[in-house]
Amino acid sequence: MPVVSLAKVVTSPAVAGDLAVRVPFIYGKRLVSNRVSFGKLRRRSCIGQCVRSELQSPRVLGSVTDLALDNSVENGHLPKGDSWAVHKFGGTCVGNSERIKDVAAVVVKDDSERKLVVVSAMSKVTDMMYDLIHRAESRDDSYLSALSGVLEKHRATAVDLLDGDELSSFLARLNDDINNLKAMLRAIYIAGHATESFSDFVVGHGELWSAQMLAAVVRKSGLDCTWMDARDVLVVIPTSSNQVDPDFVESEKRLEKWFTQNSAKIIIATGFIASTPQNIPTTLKRDGSDFSAAIMSALFRSHQLTIWTDVDGVYSADPRKVSEAVVLKTLSYQEAWEMSYFGANVLHPRTIIPVMKYDIPIVIRNIFNLSAPGTMICRQIDDEDGFKLDAPVKGFATIDNLALVNVEGTGMAGVPGTASAIFSAVKEVGANVIMISQASSEHSVCFAVPEKEVKAVSEALNSRFRQALAGGRLSQIEIIPNCSILAAVGQKMASTPGVSATFFNALAKANINIRAIAQGCSEFNITVVVKREDCIRALRAVHSRFYLSRTTLAVGIIGPGLIGGTLLDQIRDQAAVLKEEFKIDLRVIGITGSSKMLMSESGIDLSRWRELMKEEGEKADMEKFTQYVKGNHFIPNSVMVDCTADADIASCYYDWLLRGIHVVTPNKKANSGPLDQYLKIRDLQRKSYTHYFYEATVGAGLPIISTLRGLLETGDKILRIEGIFSGTLSYLFNNFVGTRSFSEVVAEAKQAGFTEPDPRDDLSGTDVARKVTILARESGLKLDLEGLPVQNLVPKPLQACASAEEFMEKLPQFDEELSKQREEAEAAGEVLRYVGVVDAVEKKGTVELKRYKKDHPFAQLSGADNIIAFTTKRYKEQPLIVRGPGAGAQVTAGGIFSDILRLAFYLGAPS
């Protein structure tokens, strides 16, 4: 068998191919050699010469625990325990020379007696090293220029950080390493293949270089500092699942040996890399540096492990998906483990295992924000001072790009081994099961797998259960694609009743359909599967419900006229109070009129919405507007607020409710329009968790609808509803006294802004008729607006006037009739009032001008007040009366605002 000389990779041969490679190398002053092998290396007569020629300056390529060192050190026993603090800095933290200086400053500032610092490669370097391997395997000559880029990156960083002997020494080692890498990559280039050992060796160099540079920078501060090649100490055993398990016994022995030769108060250790028991270089795979730090922390029995990142700590949810996510002050080991498993950017679950054994707390800190205290992960503390001390749920996490596999059939019940057969088939294709849910009836089993693996899983199951499917024992193997998992995590869930109810209630109110549910008996998490498109909205909904953020509503305002504009101003003025005291965030993300609309995902600046509407508004498009308000996945709940009197807009309500958009409106057209449309909307409202509020349709800001509902819901029976429902007509007849003519009072009201631009819209009685129709329907009567008797106060000859001006000009000609009715009423000690009546006993309604005694509540009104009297079974002798302003922009907008807040409370805001 041909033998090729290279540099040492292992201290025993690794049999991976048909060509053994003998690799001599020089480390310090000692020459050793060993055997490694290339897989499927093409035999060539010149292979030895080709590879040997690449070796300019042989250097160490593997673990060297058995080698002598150049510099003798004072022998000493390794002191373990609380005197040690362990820090881990990721690639972003050591991404350039300035950041390495910042890291050194943190290390120097730590007043712990002894410090071990674990570092990753500089940012992107590990990816660059993998890219070198890929290029060499592909026989792409550009690996040489890419390697030069790696050299230059580290050379430039070293020049910026070091000087004198430290710089010369590091650059010499760097150049030697680059030459050896060049030889290794040349061998990979020739073979067209890199074994795992060769790959691990190549990619581990980034950590070697960053550790040496950081150690040199710390020494510039005059401190006793050395660096550790973790391959000399850390021993791991590869597993069948492409992971590694630490060998603590062997690692302890090697650490003791290493420390007797390298005792120092500060040790800078390489993360990510280690050795096998056979001294073959390996890595701890992705996220391995955190794992390295945890293992080292356990080996040194440190008092704390601090993992430095570029975030302030562990968040209650992904802040990219939930903008109001908060940094948690504490997490238990189990909570961190669960959140990591379900995709939270905390730690890899295996990182927690080594430190749990010795109760070593982990602190997640931000290297770019040293003032932030971070998150401590430790054993659960009964009196923990965390965010929301008694919060049963600490946080939420999601996993996307999953598919749900449902195996269903009556033949599964009571048959031993069915579940085993299912998951054996899944294992055979190498698929990873994320979540399992089984019905207690044993009729079905469903589980979630990554979407990229579901095709293989489906084929394996159909093959395994072909006979059972043909025989009817299994009814189907169903694949549900485009799914996501949402998990709620909290150790206190187990001792807190009602957590599940709150969780599922929040999802229901956000109109989220759940595909599958799983919860272990430990109750550390509740897991649900939802549609991928609903995932962010579901996350926001549950996050809000557990008080970890505000209850947030995406608000779309339709009709920014007098009422809508006043509402926007009220929301602007009250926004801060709502957020601070009630945890409600009303985010107006859209405003549309008949010609222009304005939209902003983060929320429109209400201090200048009028200006923005003019400058940035685009052409109005109701369908586009609707999709925008509904499609904002960052806000789980959306509401359309219709401030118009447009029948076309009202016809959209059913579709909005069907799409999960709540509706708030003062527009009377939907509830007083065609009866079938009204019944359809109310039926949908009752069957879904989508809300429809319309208090302002009858009494502006007065609680008319809510009072009526309260009476009915408590078992009272409506006999009669009678009232003055129009603020305009109330004002007219309250001031139609003495010798004043009716036309004079109408002109005065129009001038004061109490009437519509065309007063005939008020005098026709249609507005009152709509309110009577609404109240009749709320009372259970099936009345139609068209069949309601309405007394029109517009004289017939004037109903066809071409303009409001013409009408006002001719109105005095008809004053005599109403003046006569007033005189007759006064003679009888009565007054005229324009009222609407719902007669629930006779099942009819009327709108007419009636006379009331002067001591009647209706006769004692002033201004533009409304008054409504409810005569019921309970309030038969003395009606229940609601009285107050029933018109005006401020009170109407206030009524709409009240409905919006009522919706927020329904959705989980604290009351």
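Cβ coordinates come from backbone N, Cα and C, glycine included.
In Swiss-Prot, the NADPH site is described by Ile563, Thr644, Lys668, and among Gly343, Gly888, Gly908 the residue recorded at this site is Gly888.
A C-beta separation below 8 Å, combined with a sequence spacing of at least six in one chain, links Glu756 (NADP(+) binding site) to Thr728, Asp762. Neighbour list (Asp767 (L-homoserine binding site), Cβ cut-off 8 Å, at least 6 residues apart, same chain): Lys668, Phe725, Ser726, Asp761.
With the fewest other Cβ atoms inside 10 Å of its Cβ, the least crowded of the recorded positions Ile563, Lys771 in this structure is Ile563. For the recorded positions Ile563, Thr644, Lys771, a Cα-Cα cutoff of 10 angstroms around Gly753 (NADP(+) binding site) retains nothing. Looking only at the binding-site residues Gly753, Gly888, the densest Cβ neighbourhood within 10 Å occurs at Gly888. Note: Thr644 (NADPH binding site) has non-local neighbours Ile558, Gly559, Gly561, Gly564, Asn667, i.e. same-chain residues 6+ apart with C-beta under 8 A of its own C-beta. Spacing of Gly888 (NADPH binding site) relative to Lys771 (active site, proton donor) is 16 Å (Cα to Cα, whole number). In the predicted model, residues of the region 'Aspartokinase' (83-331) average a pLDDT of 95. When the domain 'ACT 2' (488-565) is classified with DSSP, helix, strand and coil residues number 34 helix, 23 strand, 21 coil.
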